[in-house]
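**Student:** What follows is a structure written as structure tokens; I'll ask about it next.
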2 protein chains.
Amino acid sequence: MTTTAISTYHALTEAEAIALAAGLFPAGTDLECQEIGDGNLNYVYRVSDRASGKGVIIKQALPYAKVVGESWPLTLKRAAIEAAALRKHGEYATDLVPEVYGTDEELAYTIMEDLSHLTIAREGLIQGKEYPKLSNDIGEYLAQTLFHTSDFALHPFEKKRLAAEFSNPELCKITEDLIFTDPFFDYETNDFEPELRQTVEAIWHNDRLKLEAAKLKRSFLTEAEALLHGDLHTGSIFADDNETKVIDPEFAFYGPIGFDVGLFIANLIAQGITRNGDGRGTIVGHIENTWQVFETRFTELWENEGIEDFKKVPGYRESVLDKVFKDTLGFAGCELIRRTIGLAHVKDLDGIEDAAVRIESKKQALRIGETLILKRSELTSIQDVTALLKEL
Amino acid sequence: MTTTAISTYHALTEAEAIALAAGLFPAGTDLECQEIGDGNLNYVYRVSDRASGKGVIIKQALPYAKVVGESWPLTLKRAAIEAAALRKHGEYATDLVPEVYGTDEELAYTIMEDLSHLTIAREGLIQGKEYPKLSNDIGEYLAQTLFHTSDFALHPFEKKRLAAEFSNPELCKITEDLIFTDPFFDYETNDFEPELRQTVEAIWHNDRLKLEAAKLKRSFLTEAEALLHGDLHTGSIFADDNETKVIDPEFAFYGPIGFDVGLFIANLIAQGITRNGDGRGTIVGHIENTWQVFETRFTELWENEGIEDFKKVPGYRESVLDKVFKDTLGFAGCELIRRTIGLAHVKDLDGIEDAAVRIESKKQALRIGETLILKRSELTSIQDVTALLKEL
């Protein structure tokens, strides 16, 4: 399934990167180039003005993924999906995604706004940062991007055109396997400490939990509600105290709205587990505020910009948001479980140095994950969710 | 949104139709051609051997639809969708769809098996025919086509490729408007006798009903579960006592499984309303048998051919079928309402000559439609559905 473009595809040289970026600077600017990616999935070139330091980013997809030491082929088409998603989401959340200056499908690169003055939110949160604007901005981002790409805002021809354009089978398959399937079975992609084996085996034998996971997987496979980011964890967000930018939407596709909301909230929960006292309170506040801002803005957009004939029918908006809320909890639960025992972990939990605390924290993550999946019909407010974190 | 092919598109002449079909007959066969379509949406040419009478059908899409005396442009792409759906469904329900011999996208025609020895099921049912194989065959058709094109049977790459191939925005829009929207509002496409006005206005003011209709519309817009026929009423079925063939899948797209099941059952209900005694009993039997055969065969396919990792989790298949059942009832309810007061009626009800009986029958159709929509969570078996017909 890798694209034919691989035959002409090659990794950009630094000189090529400079040439591609040159047009974005005044003629004669003295430019330099640094490759600053981690080399697992993409090259990331920063081309900058030696004098002012001002730069742009060129992100180029690798034709394979390196995970746990192995490589497997991965479609280059994801670069085009990512660029198109940044542009589409940028129409509705202009200040919350990097600007795209150019893109090339064959060489699988995107030239975009340089965000190196910001830090990855996960890294900052692990260092104890508060990011006071984070939940306001992400709540706004979620409402704007998800509402505006849904049937509530788009003519059905445009919505279906976008759904076909953003068909993203290979990246979706990664999610289908790693979030919704593998962690619930004794499959070899799973990765966890021996001390967790008993807890993990209990998951593999918990038919009630697996039934709910199966339903959530089915929602992910079938429900084309809005153009999702598709991988909205705290590592996909650049931030500082004043700014928030959502990056890396290469998993973008038409899916259930609650998936984006749930992934973000799950990653906040994973961070909250590692904190105590006021530190945890900050995270609790972000979780509650994310949902509240999302719900409030979604409601305003529904009322002011909604095109659905049934939009004024009493209870309809509430019923839509209720579905999104329950989906959010279920997807958050799956994300917490897979980030603890699946292939791809989070540094928040893995980075806890004290082994006993780390194991106990992971058990807490698994327990909250299970509760969110199993009790998502009973938990009726975001405070019911954060109570799980406060109770630890 | 009509295709560019219109510039080269032209209605086939009878001589062209004969030339296109000639290769399907022995060299030198003396062929004749008759145009036998109703001229509203398509030309239908029957090319046959003068000596033996054996023929083939060439169906050519018109670049517009004639409805209630007006014309509006309608994509020619529907011919390609129809041919592709016949072929795809034919892979799984070989004997239950016409064989496709050839197709041309630019001229928007499909050459297919001649079924003129059969009658349209709606016409036969109106004449009181029993069609003893009808519900067995349609139950089988539904299970085979819907299971095999779902995520339960297809690799996700193939499912998503098909979902994009069968993106069918223009024809879906007709359904979105005429089934799910217009009948619930005082819109000008609606068409009903003055004697029904009070009942119809009660529908327009029934917020509980409209809330449920909105949810069903949303399912139709977002839930890409399987490759549907998309318009499976009794006028899309050719039958006699021994054979059943499903035709005209030009509305095919990836949608909720219950939509196909629900449309068929709604049209049986509309026919059942017009009958009494044993005649009604036959229809009750067909409704119950359709669901039972569908459920039984879907279950067998799930167990024998299902590829979903979660397929053996206790309760998962039941939960999927429970959703399909509730969707079926809701969609059937919408179909009953729109076939009574919307733009496109059914001859079963419109053809009742006695005005008082016709109005009363239509009120029964509306009442059953409302009940199916509002009570779809309480009606737990297909016998609960047919009880509504028996109680009349």
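Placement of Cβ uses the backbone N, Cα and C atoms for every residue, glycine included.
Checked TrEMBL, it gives:
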- A:ASN42, A:LYS59, A:GLU113, A:ASP114, A:LEU115, A:ASP248, A:PRO249, A:GLU250: ATP binding site (BINDING)
- A:ASP231, A:ARG338: substrate binding site (BINDING)
- A:33-267: domain 'Aminoglycoside phosphotransferase' (DOMAIN)
**Student:** Give me the Cα-Cα distance between A:GLU250 (ATP binding site) and A:ARG338 (substrate binding site), rounded to a whole Å.
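**Tutor:** Counting only the Cα atoms, the answer is 19 Å.
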**Student:** Indicate whether A:ARG338 (substrate binding site) is helix, strand or coil by DSSP.
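**Tutor:** Where A:ARG338 (substrate binding site) sits, the three-state DSSP reduction gives helix.
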**Student:** Which residues of the same chain, at least 6 positions away in sequence, have a Cβ lying under 8 Å from the Cβ of A:ASP248 (ATP binding site)?
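**Tutor:** Listed in sequence order, they are A:GLU82, A:ASP231, A:SER236.
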**Student:** Say you check the Cα of A:ARG338 (substrate binding site) against those of the binding-site residues A:LYS59, A:ASP114, A:LEU115, A:PRO249; which is nearest?
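**Tutor:** Comparing Cα positions, the closest of these binding-site residues turns out to be A:PRO249.
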**Student:** With ATP as the bound species and A:ASN42, A:LYS59, A:GLU113, A:ASP114, A:LEU115, A:ASP248, A:PRO249, A:GLU250 as its recorded binding residues, calculate the greatest Cα-Cα distance and give it in Å as a whole number.
**Tutor:** 18
**Student:** Tell me which residues of the chain lie with their Cβ under 8 angstroms from that of A:ASN42 (ATP binding site), as long as they are six or more apart in sequence?
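**Tutor:** The answer is A:LYS59, A:GLN60, A:ALA61, A:LEU62.
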**Student:** What is the one among the binding-site residues A:GLU113, A:ASP231, A:GLU250 whose Cβ has the most other Cβ atoms less than or equal to 10 Å away?
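**Tutor:** Comparing the binding-site residues A:GLU113, A:ASP231, A:GLU250, the most crowded Cβ belongs to A:GLU250.
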**Student:** Determine the Cβ neighbour count for A:LYS59 (ATP binding site): the number of other Cβ atoms within 10 Å of its Cβ.
**Tutor:** 23
**Student:** Could you tell me the mean pLDDT over the domain 'Aminoglycoside phosphotransferase' (A:33-267), as a whole number?
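**Tutor:** Its mean pLDDT is 96.
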**Student:** Return the residues near A:LEU115 (ATP binding site), defined as same-chain residues 6+ apart in sequence whose C-beta is under 8 angstroms from its C-beta, sorted by sequence, else 'none'.
**Tutor:** A:ILE57, A:PRO98, A:PHE238, A:LYS245, A:ILE247
**Student:** Tell me the Cβ neighbour count for A:PRO249 (ATP binding site), meaning other Cβ atoms within 10 Å of its Cβ, over all protein chains shown.
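**Tutor:** Summing over all protein chains shown, A:PRO249 (ATP binding site) has 27 other Cβ atoms within 10 Å.
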**Student:** Rank the binding-site residues A:ASP114, A:ARG338 by how many other Cβ atoms lie within 10 Å of each Cβ and give me the one with the fewest.
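**Tutor:** Lowest Cβ count within 10 Å among the binding-site residues (A:ASP114, A:ARG338) is A:ASP114.
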